[in-house]
Amino acid sequence: MKTLLLTLVVVTIVCLDLGYTMTCCNQQSSQPKTTTNCAGNSCYKKTWSDHRGTIIERGCGCPQVKSGIKLECCHTNECNN
């Protein structure tokens, strides 16, 4: 009985994937690609223009942005590249 219970617990943990983290890109503008592990389930890419040209910011989550900033949120690994 204990073996069956232990097996069920292990199967549940594997199926729920409790330790899952999402991988998001976090390089800025045209810098070489870098990634980070995120606890949440989304990545973002913010794009805007200023006196320097087009600026791109990437990271974890899906933040609120001011008007004039384009925001793309996505939900798969490295989807914000």
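Cβ coordinates come from backbone N, Cα and C, glycine included.
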Candidates C15, C25, C60 - disulfide partner of C38 as recorded in Swiss-Prot: C60
Recorded disulfide partner - C73, candidates C62, C79, source Swiss-Prot: C62
Among C25, C74, cysteine joined to C79 by disulfide in Swiss-Prot: C74
Rounded Cα-Cα span from C60 (disulfide bond) to C43 (disulfide bond), Å: 5
Listed disulfide-bonded residues among C24, C73, C79 whose Cα sits within 10 Å of C60 (disulfide bond): C24, C73
Nearest of the disulfide-bonded residues (C24, C38, C74, C79) to C62 (disulfide bond), judged by Cα-Cα distance: C74
In sequence order, the disulfide-bonded residues (C24, C38, C73) whose C-alpha falls within 10 A of C79 (disulfide bond): C24, C73
